[in-house]
Each structure stands twice: as structure tokens, then as C-alpha cells.
Amino acid sequence: MTAFKSDFLNILQERGFIHQCSDFEGLDALAAKGEATAYVGYDCTARSLHIGNYLTMMMLHWLQQSGNKPITLMGGGTTMVGDPSGKDETRAMRTVAEIEANKESIRGVFAKVLRYGDGKSDAVMLDNAEWLTKLNWIEMLRDVGRHFSVNRMLTMDSVRLRLEREQEMSFIEFNYMVCQAYDFVELAKRTGCKLQMGGSDQWGNIIMGVDLGRRMGTHQLFALTTPLLTTASGAKMGKTAQGAVWLNADQFSPYDFWQYWRNTEDADVGKFLKLFTTLPMSEIGKLEALGGSEINEAKKVLATEATALLHGRDAANEAAETARRTFEEGALAESLPTVEIPRGELDAGFGVLNAFVKAGLVASNGEARRQIKGGGLRVNDEPVTDDKMALSAAHLTPEGVIKLSFGKKKHILIKPA
């Protein structure tokens, strides 16, 4: 393990955040002086960011904790173009109104892990629409475009893989890397930002910005990326039967967030404690050393600390208590996630397969049938044995809900609206 001069790189290294860096020595010297102003860009493609974005948010958190300045760059401009990285087909074009709505929905989450203000290491939030939407086409081609080699652009994974598969790539997508590179140079001029961070899939785009800065006479710029986030079994992290693990509470409840971490594979507990909590490394070391059934206690700590960081300590403790009552006492907890269905549908008989799909506990009717055969689905704690069963008002508990369960740990309440 390399010993760095800066707290920033030492923290990232011991916690497992580092995948690639364009110049460790130069960045280390900059960070040691508290001059490593850095940014991460977040496109506004959805109403919420997801768990993959949370990883880079934690990098910004540790940057700030080590005395350097973080910038969160909202992609109001780049979202109009669409990042082709990791995509097999062109992204759907979003209207300006949709992008603005997404941006407003997203922006509040950053203050959960960053301190904003006017101080030397206080975070700032900018939007690349401020400069990208004002660019003159001819000036852009002459002043910026001439520094890009199409030969090199064709070797980037986001482009090369599409071409190898004979999948269409639009001209607007092809220009995404130009926009991202220009962002880096513009931020360097405006704020003195010298570091861009991102996921490993962004390495090529970030390096384009480093090179553009050199060609346009900007100070030396740096690139730093995180590893691809996967579980010990090799699966891409961040998906559940309900879909993506969103960061906004109205799209993925604190209880679901807590449960997501509680269900971590044994081999991943230590890694995720380092990446998604701020617990001291000494405490994480003790939790990593737990074995057998004791590893479940470490999972509860992971779930509570990760949830507290994003949703607050009260929400984390409430989620932990709800889980304890539900799983240890078998109680029907009112704070379980709830899905509403029209009262008329329930009165007419709501198919049990449809109910489990609508609740997000299974992905399809076929999966629901397979789980019923295996005894994995329950209604009000009673096993479902007939896939033609219909839920009705007769299934409502005294609390006016129907409890659906998948296995021992996944529960949803159905409530007539």
C-alpha cells in the first residue's frame, strides 16, 4: 500500500475508493496543501440519484473532510446531450422542463454528506447549462473542437463498443465527451478546480478533459476514478426486485434503504462499511473480524450507519426498530413501506400475483408463481398456496392493511385508497 502525504489520498486508499489516477504524485502534493478543488458531475436523467452516485458523493465528502473544496456539478446542459457510457442504445431525449424538475428533485441530497457555504473548504453547486447553452457553434469548433482527435474518440469504450456491435450512435451522443471535457476546463478557469472524479466508466471522458486543459493552456488537471461497484458474487450493485436503489426517500424509503444494506452478502460487509459509512477504520476492523452468526450484527451496524448518513439518525433508528419488531417479534409495523391500490379493485378481487408484482416484491407473475411453489410468499404471515387467490376486503387487518411478505426480510403493506 502506497503511503501518501495527503490525508485525502490516504483515506481513499485505505477505504477502497481508488481505481485509477492520472498522476498520484502531483495530486498528492496538491491535496496535501489543501488545494485539490475537485468536482463530480451529476446528470439530471431521473428524479433521484442512485447508489452508484452515492459512491462519488462519499469521495467528495472525504475530500472536504481533508480540507479541500468539493464542487457538485449539476448536468443541466450535458443531460440535454445524453451520456452514451454503458448504454446499448440512444437515451431518450428529455425536455428542458423535465431536466429542470429532475435537477430540483436531486439537488437536496448533496447536503446530507457535504457542507455548503463560503468557507475555503465549503462545497459549491454549479450547473453546466450556465456555459454549455451559451456556446457559439463556430467558436466551439474552432477553439475547442480542433483539439479533439476523432481517431482517439472512436477508441473510447462508449463509442467503440457501439460500433463493434453495429449499434447506432447519434452525432449528439458522440459529442458528449466533448461537453464533459469542456466542463473540466471551464471549471478550472472559473474556480481553480484541478481534479475531476467519477466512476471507472468515466475514465476516458475525464482524461479527455485533462488533455483538453493541457492543450488550451489551463493549469495541470487530474483524473481520479473509483472501481466498478460489484458484490462479492460478481453482481452489479444497486438493484433490487423493486428496481434501482434511489437516494431520495420518496422513491426508496429509509426502511427499504436500511433493508438493502442489512441484506448485504457476508463477504461484502467490510468493504461497504469502508465505502458507505464514516465509522473509524479501527471500529470497521473489529466488525470485519466477526464471523458466523455474529456477522449479522455487523450488517445491522452497516445498515444503520449508512441510513443515518443519508436520511438522518432518527430515520435510521426507526428503520432498525421496525425491522426488529417485524422480524424478531412478528409484529405488523405501521412504518413498513406501503403501496396503495384503488378500493374498487380490492372489492372486485385483486389477484395475488398482481399484488406481489405491484408491491415490487417480485418482478413478474412468473416469478411470483415460482415463489409460491417454493413457499416463499405470504399474505398476513400465512403462506400463499394458490396462485389464483384473490385479495379482498376480507384480508384487511384491524389496521386496514394487507401485509405481503417475500421470504423473511421483505415486507410491504397494501392499503386501499
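Keep in mind that glycine also has a Cβ here, set from the backbone N, Cα and C atoms.
The annotation L-tyrosine binding site is assigned in Swiss-Prot to Tyr39, Tyr176, Gln180. The Cβ of Tyr39 (L-tyrosine binding site) lies under 8 Å from the Cβ of Pro70, Ile71, Thr72, Leu73, Phe184, Leu187, Cys193, Leu195, Gln196, Met197, each of which sits 6+ residues away along the same chain.
Here Swiss-Prot flags Lys239 as ATP binding site, drawing on sequence analysis.
Residues or ranges marked as domain 'S4 RNA-binding' in Swiss-Prot (evidence: sequence analysis): 350-417.
The motif ''HIGH' region' feature in Swiss-Prot is assigned to 44-53. Only residues 6 or more beyond the boundaries of the motif ''HIGH' region' (44-53), in the same chain, are considered here, and those with a CB under 8 A from a CB of the stretch are 74-76, 79, 91, 94, 99-103, 105-106, 109, 199, 229, 237-238, 244-248, 251-252, 260.
What Swiss-Prot records for 236-240 is motif ''KMSKS' region'.
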Which of Tyr176, Gln180, all binding-site residues, has a Cβ with the fewest other Cβ atoms inside 10 Å: Tyr176
Mapped DSSP class for Tyr39 (L-tyrosine binding site), helix or strand or coil: strand
Span of Tyr39, Tyr176, Gln180 around L-tyrosine - largest C-alpha separation, Å: 17
